[in-house]
């Protein structure tokens, strides 16, 4: 009895522990669980209604406590039934993009007491029952976003509700009973209803706690006088973006809102502010009237508004302001007026404002039509501090026009037409401290211009065309601190011009024509910029021009300096930053930097340095950043960096370095970043092994042939290693050991042929590695071992033909795999078994011909699958059936003629993009389902074409021709579709009609020399048949129909062969009468009856083979063996008995996958650097940017976008959730070089083109030109599709609804600038000309077509959750770019042949060159029922032409009467047989089979028995025997 309480306490403790922890992922699929502190979050995605319901039930079984957040996202849930969430204890609920159209009345039953917040983002949601929210006593926040919701549920009675947000485009009215009895409601947001035009009386009556009411973005044009009555605590009212034209109506409505402080009426239709518009608003402090059509402020517009402080009137059409529009009592407190971008052309309006607003402190009149300021126009205002008159038409300012303004501190008059020819001085402003006169026409400056400004501190005279500064120009401004005279035409500045300015600390004289350093600078100066001048030499040490003891920054870049004087900088002992980049320096002497011991940053890039004294840097003991990029250094000696122990960043790229001394970096214990790319290194120097603190090293574009593990083993803190574009041949075991912090490894574009097992073992933090563009042929077992954090792998542009199933051992986090542009012929050769967590798989541009079920069976989490540019001619079975989360499936440019509806039956509801363009589709009744689907889903692309050129979506099939087919193209038959099989899976030949032909027959069964044998290919297969007689050798060309003994039309659709796997072939033989089996059991057809087999005699041979312990494969290609008599036998093998049971209508339960989903780690996503090829290099080797540097980013943790409870005085809700109608990321637009039609077809050869840039680029004033330094931006755009062409340049772009506007773009062939209009016109016109024939295609133009050359995929689509805002930094430039030069179509084009010609395309003349690649970031969402173009999948773009891979040669064809092995096929490379390491393949058919709802395992008396060659269990034989025995008993009893 004493043990019972202990047992109960133990059970309670276990339950408490389970309640506070997450169950394993496989237990609650398709949901996932994560912890955030002590809070539990459940996230269910990419599934359908039955799976989600099963997942929620599993969650209910495994989690007994409360669930803090439940997120259902990107599912296919058309409706939510009652008690959908069961008895789960949900605190916060999020539904986002699940295609929900309606919910039942009791969908939230049993959640009344616990639910605190609801967040619903469902664009297709049409109805929410009015009473569905009743009883939610603890509800604090509700958010609903939809496009179809016309009627809102009843919110009344939610006593705890504090926050309500509803955004719907179909809302037309707001009944008054919706908002009753809400005593705690503080915030209401009702937006987006363009049909909501009226607000009736008493709508918000009695909301005593309401503080913020937002009714913006609706169609309101009438509001009842008492619609907003009895809101005693309302502080903010937002009515912007409506159709309000009567501002007086609003003024009368808000008159009773005593505590109203902020009123927003911007973006309406207001044309005039009439008398009495705003009266008796005692607490109103901020009024927004901007972005209307206001032309006039009339008399008495504002009356008794004593607290009004800020008025926004910008972006209107104001021409006149009445002097008494703001009466003295009303305008006495106004402090800021924004009036920019109006049409005020007379200074009287400006004067009226100043007179009416005696306390005005800020006035912005920029962007108006003011042309002159007469005498005394702006005088006598005692409080004005800031006056902005930028971007007007000012040509005349009379003498003393600005005076008697003692408080004025800042005056801006940028971009006018002022000149020094006007009467001076303009002003008498003793308190003015900042003056901006940039972008005017002052050619000369003398003392009269700045007279009357004794307190001036900051002066901007840039971009004026100045040619002269008089020596006494600043005589009246002794307090001047900052002077900007950049971008002028000054050639000399007199030494006495600035000498008396004792407070001057910054001078910017960049981009002038100065020949020498400015003389006579005051000793207090701290910052000097002389960038972009014509300075050829620096003053000698004896000169006082650089005797500046306080100087901290000196920029002398982009000049013509050839040498540095001895001790030239010793007078600037406080110098911290020195830039001598882009000059003509040829050597560094030991005395060049003496005297500047405190220097921290030194830029010497892009000079001609070929000789540097090893003592030149000895004085720089404090140096932290050194840039020697793009010089001509050949070696790094022992003592060159010996005294720079604090160096943190060192750039030695693009030199000619061949050797590094073993002791060169002995003292660099602080070095974190080292760039040695673009040199001539032959190995990784031993001297680099001492960099213990190194975090980032770039050794790409060298001639390194071997990686010394003992050297890189010293980089214990390294995070990124780049070794691309070298000559590395092999990765040996343990090459990258002892690198515990390594996250990114780039080995692309090398000569790697072999990766030994364990070469990348034990890298616990490795997230991404790139082995693209190498010469890999196969990946063996345990090549990539123990990589728990690995997320992405890149193998594109190799020669891969085989990947072992155990190649990724203990790498369970892999979610992105790129295998495009390889030599895979069969998907069975890709070991995907251990990659169960894959979400993105790219198999584009291989030689795959058949897509079958088994190779893809384990990919339950796959979201995106790309198989473009293969030779796929058939999809067998249902390979996508186990992919409930599949959103993107692309099979462009293959050989598919027909696509069965049943192939996509289980994924049609969830898939967003199904791209089969470029296939020779037969537009017959079988394809009608796809045509209907394209129309029903409003698919944003034109879709595939028929062979006659029509679009499939617009093709119409007559009903009379499709009598036997349903709406999905499935042929209806009254007969039995089950093929007649024996217990081995043989199909009797009498069931195969004469007109049957396998579409892929001519292309199967052959391989190139050196390919591994297929799975299951062994001598045992041929033991079942008589030996074949050798046939004469055949040619490699396609076999024409004349060579065949008889025509072979397509297969009769009455025969369903879906229960077979991989490849099936049949001889043509006339069928026996009747299509079904003569034996049935209760209507189910029975296979062939063999009494000998029934009593055991038929299994003798199989038992003997089984006892010999030969592991037989699970699948095999069909074999045709020519017999002397001309008769043949056909074998078909089944993967398991469960496939056949589908025809017997037995429901088979899928086994739960034991997969670990540990990839959601809450880490900060870091922005990967994406390198451009946009700079100049002279005298060095051609070096390109890092080719396969991707922008893969670790997936955001699922907590991002979660809930924060919304309570008073607390910001909460789903704040980070991004609007799905907008895309984020880089949209890259480039110019098209060459013939557009050839480029679209993917034909071309890449070459490198150097860019020649000017030595000193000047800023340009034209909007169509770009300056020397481009700014790379990330813009949020509407979801229009922007076509990305192969040649890519990073530019700032913005995409609008119907067009793409490019702000800056440059061509790659010259320095000529291309205007945005020219760029868009050239690209769109040339490409649009291809689609003039079809109306639907003409509507799509090119923005709706995926890029033809996109064949690879980046990893940003892994989660399909919008990431947080990215901050893309400006990246260093490169001097070489890649472009695509078109070739003739005959060089590399694939011509589609007829049914009997399946000759593969010839290989290219040479392997693909190493080239640049770039990522394009887009997002994929479910295509909703609206006219909104959906973005394409994220794609990894390679700038080299795809072509066909090296070695993709013609395969041998099978004739109709024989199958022979040619001499070429017999010359196979001697490899380990495929069966070694394929135990997992055979084990999959040893699993327990659930035949009758149980899990019984059927065993024979001896060891387990397999089917001949197909690894089938003996249970199927036993089932045959049992069925036959029962049938015989029934027949005996009937007799």
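Cβ atoms here come from the backbone N, Cα and C positions, even for glycine.
Copied from Swiss-Prot, the annotated features are:
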type	residues	note
DOMAIN	919-963	domain 'LRRCT'
REPEAT	281-304	repeat 'LRR 10'
REPEAT	306-328	repeat 'LRR 11'
REPEAT	357-380	repeat 'LRR 13'
REPEAT	453-476	repeat 'LRR 17'
REPEAT	478-500	repeat 'LRR 18'
REPEAT	860-882	repeat 'LRR 33'
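Residues of the same chain lying 6 or more positions beyond the ends of the repeat 'LRR 17' (453-476) and with a Cβ under 8 Å from any Cβ of it are 414, 427, 429-447, 482-491, 493-494, 496-498, 500-501, 508, 1259, 1261. Here the repeat 'LRR 11' (306-328) has Cβ contacts under 8 Å with residues 261, 266, 273, 281-300, 334-345, 349, 352-353, 355-358, 364 of the same chain, all six or more residues outside its ends. Across the repeat 'LRR 17' (453-476), DSSP helix (H, G, I), strand (E, B) and coil residues number 0 helix, 5 strand, 19 coil. Sequence-remote contacts of a segment are chain residues at least 6 beyond its ends whose Cβ falls under 8 Å from one of its Cβ atoms, and for the repeat 'LRR 13' (357-380) they are 314, 326, 328, 331-347, 350-351, 386-405, 407, 412, 426. Confidence in the repeat 'LRR 11' (306-328), given as mean pLDDT, stands at 90. Note: the repeat 'LRR 11' (306-328) comprises 1 helix, 6 strand, 16 coil (DSSP; helix = H, G, I, strand = E, B). In the repeat 'LRR 10' (281-304), the DSSP tally of helix, strand and coil residues is 0 helix, 7 strand, 17 coil.
For the repeat 'LRR 18' (478-500), DSSP puts the residue distribution at 0 helix, 3 strand, 20 coil.
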